[in-house]
Structure formats: C-alpha cells, structure tokens
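K.L.:
The ATP binding site annotation in Swiss-Prot covers Gly10, Gly11, Asp12, Gly13, Val14, Gly15, Lys16, Ser17.
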Amino acid sequence: MTGVFITLEGGDGVGKSTQSALLRGWLEDEGHEVVVTREPGGSELGVEIREIVLHRRGHIAPRAEALLYAADRAHHVETVVRPALDRGAVVLQDRYLDSSVAYQGAGRVLDAGEIRELSLWAAQGLLPDLTVLLDLDQAAARVRLDAARTRFDRLESERADFHERVRQAFLGLAGAEPERFLVVDAARPREEIAAAIRTRAQALIAAGASA
C-alpha cells in the first residue's frame, strides 16, 4: 500500500501547526497511521540545519540558504517521508518545496524555476498528493506573529514587502497547479478551515483506497 503525502503551506502566522494537529486527530480517529513532520527540522540532521537557517543571527547568502534547505529536504525525504509512505502512512508535513520556491525564489529574489528544479532533485521528484495553502493578508499574519512572541526567526523578521512577495508566489503556485492545491482563507474560523481540509483529504484517501 502506498501512503498519502499532504503538505501545509503559507506564510508565517497562518495557522499551519493548528490545522496539522486538527487533521492528525481526525485521521487517527479514522484509523490511519499518521506521521507529522516539518521542513526544516524533520530529522536529527534537519534540526541542526533549522538552527542555522532560521535562528542564526547574521547574514546567510541567499544561494547558500537555498542549498541548506535542499540538503535538509534530501535527507528528510530519504529517511523520513519515503519510508512512511512506503508503509502506507499519511504524512502531514509543515512546509515542503513550495516554501523554497516562495521564500528563496520570490522572497530572496532568486530564480524560482532553478529553486524548484533544485528542490525536485533533492526530493527525487516526490510531489505531495495534496498541498493545503493557508492564505492570509500579510498585516493580519504580522499581528498573529507579534502576539505569539516566539524566538527570533530570520524569515519572520523580514520586512513586509518580503512577505508580500512570498504570499503572491504561493498564490501563483496554487494557480498553476489547482489539482494539487487547496487554497483556504486562513482568516476563517479554525473549525471551518479544518472541515474544508478534511473534506479534501477524505476524498483523496478514498480515491487512493479504491484505485
């Protein structure tokens, strides 16, 4: 049996962790094995890379940053994601290659096509079965982040124009692949968002079971 790969994407402060937890609870109640993971930081090596790319103070050259994310992705897919999918689990992942295209491609103003190709190479071509894009106005997301008072994060601390480029890049990716993406207004009540995600996930899993 082949598992199901679901990723959650969007800018910082959109509620990915909340929705991942809600979806996990529902899937486990339905009897599925669920593996919850993230990029960067979904493996022991990834935790070390996460500290560098997100929490290290000081400049990191944009191309170096992109390569660090790709290194994390290559190791994570090979050691965590593919083994879980091979045994039939549902993998719920906070961020994947679409984040690299949005943050390093648009945010850092690198070539988005090159970033995507690098990411696909690192992931051995693995694409999600479903990508949930939680979309939220940048100003509203900023309010949530400020209220959360989390530790220093290099990406969260970027200026508003950076985050707006990231948001528009995500929307562009979703528009280019509507069959893979579910775009949800992250300003909606969290239970409404969770219901929309469950509906799409349920249809995806049912289709896989009947294939």
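Placement of Cβ uses the backbone N, Cα and C atoms for every residue, glycine included.
Looking at the shown structure, can you explain where the listed features end up?
P.N.:
Look at Gly10 (ATP binding site): DSSP puts it in coil. Of all Cβ atoms in the shown protein chains, 27 besides its own fall within 10 Å of the Cβ of Gly10 (ATP binding site).
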K.L.:
Would you mind listing, in sequence order, the residues at least six apart from Lys16 (ATP binding site) in the same chain with a Cβ closer than 8 Å to its Cβ?
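P.N.:
Lys16 (ATP binding site) has long-range Cβ partners Leu8, Glu9, Gly10, Asp94, Arg95, Leu134.
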K.L.:
Within 10 angstroms of the C-beta of Gly13 (ATP binding site), what count of other C-beta atoms is obtained when all protein chains are considered?
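P.N.:
There are 22 such Cβ atoms around Gly13 (ATP binding site).
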K.L.:
For a quick check of understanding: among the binding-site residues Gly11, Gly15, which residue's Cβ has the most other Cβ atoms within 10 Å?
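P.N.:
Neighbour-count leader: Gly11.
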K.L.:
Which are the residues of the chain, Gly10, Gly11, Asp12, Gly13, Val14, Gly15, Lys16, Ser17 excluded, whose CB is within 8 A of where the CB atoms of the ATP site average out, their centroid?
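P.N.:
Output for this site, in sequence order: Leu134, Leu136, Ala141, Arg144, Ala186.
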